[in-house]
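Pulled these features from Swiss-Prot for this protein:
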{"type": "BINDING", "residues": "132-189", "note": "ATP binding site"}
{"type": "DOMAIN", "residues": "108-293", "note": "domain 'ATP-grasp'"}
{"type": "REGION", "residues": "387-557", "note": "region 'AIR carboxylase catalytic subunit'"}
Amino acid sequence: GLYEVVVGVLGGGQLGRMMCQAASQMAIKVMVLDPQENCPASSLSYHHMVGSFDESTKVEEFAKRCGVLTVEIEHVDVDTLEKLEKQGVDCQPKASTVRIIQDKYQQKVALLPAWIPLPEFMKIDDLKAKKWDSLDIHFMIKSRRLAYDGRGNFVAKSEEELSSAVDALGGFDRGLYAEKWAPFVKELAVIVARGRDNSISCYPVVELFTGHICHIVKSPANVNWKTRELAIEVAFNAVKSLEVPGVFAVELFLTKEGEILLNEVAPRPHNSGHHTIESCHTSQFEQHLPAVVGLPLGDPSMKTPAAIMYNILGEEEGEHGFQLAHQLMKRAMTIPGASVHWYDKPEMRKQRKMCHITIVGSSLSSIESNLAILLEGKGLHDKTAVCSTLLGFIMGSDSDLPVMKSAAEMMEMFGVPHEVRIVSAHRTPELMFCYASSAHERGYQVIIAGAGGAAHLPGMVASLTPLPVVGVPVRASTLDGLDSLLSIVQMPRGVPVATVAVNNATNAGLLAVRMLGVANDNLLSRMSQYQEDQKEAVLREGDKLEKHGWESYLKNS
């Protein structure tokens, strides 16, 4: 195989299962230690040892058969890992790192020297009011250990709620800490891989939509580039400070002021990275195994423009719960770009993660539409359909519409949903600014802008959006459209506008379809057919001319 030493994984849940799937593709042998005989990873692993990953004797016995020991869950027996490391066992991540991350309070203390932005927090062991002054009234009471999927957290919005929060979490003896409420507007996450050579690779920033349990993940996150860069910087520095190889999930808060705050770190593959199996050149599981054994890291970039991951959670107990989950899986099979990952858990419980569905597509808006169709229970059988608005048409005045309608007709012919609006660069500059600067966030991929006379609209829009802009010079009442053409085509370096001929909105539409076709095989196929139809039309005209002669041809044309 690629790597002869056996990798041992403490835990055989769905993360262990997907590690085994990735390992089989790379010819890496993976053993799992899990107490459940028919755990999700059991049937796919090189070997499954039945036993608890927090039982010292079992972990020691397991480690004897492994060259590298890693985890799919951080709640393991760290004392045993430290003992094994002293005996020469290669544990990745290191026991010291797992110990820090197990305790969410110590995790934040450890990150402070690296200047990682964090919500205000403090250790608590009683209800003395003076200790709470720095955190104001609105705060989170959190369990330091064994807290995940929203468990172990309690919001306290008043002093009266504080006592209830402590009681709900099992009292101070369990180990609690307080964190000032972070008024976030989005929850983000970054999967970060670190190799044994200290190389670090970051996956694209994703957006989480949760009800405590991670439920929906969108990639890339619908945030501006500055926010993405800041999120990646925080995640990179957090993992760099931990100084151990492997894949880490860094969960973040985005505040209304645009600040990024670190929520927590997991030292393993994570639910927020499941989409990478279909959406990225190297999945988080294909990344974790090479990282811990010392092989090169892969490419974390996306190979599809957008992806969304949806967790199927148990809705009911027992057989009925399985039936409901299977119905949703069957519907997913009718959705273009959808992939189903069943975890093969033997028992159905409410709110238990049983499966995830990943949908990839040409834009976030298109995959959001497909997810809505899935959740509404409607099968999508026309797999050639484009599901959402991909293109925006704007013009400076309704007098431009007779010209611009030709581009709209092209969109209708190719089946590309589009939005047509009047936006004037001179009379509605605020509207133009909002439209152009947010177009990519609304899922648009191309903008066609038509203007006559001064014709500043296409260029101004191009200066405000990262999307490609196609400019249509509209013939005005003077100068026969030459003024419009020169205004649009003479853009300064760094602000490109793809400009077509005067009044040739048809070509603008066709060019936009070709741009969209780069990431849409259906549109690319339709464009190829359009070109073939054009060729056939010219050949028919040529045959007709040769057959009837030019005089007859002109009379009948």
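Cβ coordinates are placed from backbone N, Cα and C, and glycine is handled just like the others.
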Given the binding-site residues MET140, PHE172, and counting only Cβ atoms in the protein chains shown, which has the most within 10 Å of its Cβ?
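The residue with the most neighbouring Cβ atoms within 10 Å is MET140.
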Ranked by the number of other Cβ atoms within 10 Å of their own Cβ, which of the binding-site residues LYS180, LEU188 ranks first?
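Selected residue: LEU188.
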Which three-state DSSP class does PHE172 (ATP binding site) fall into?
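Note: PHE172 (ATP binding site) is helical by DSSP.
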Based on DSSP, name the secondary structure state of LYS180 (ATP binding site): helix, strand or coil.
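Going by the DSSP assignment, LYS180 (ATP binding site) falls within a strand, counted as strand.
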Return one of helix, strand or coil for LEU188 (ATP binding site), based on DSSP.
strand
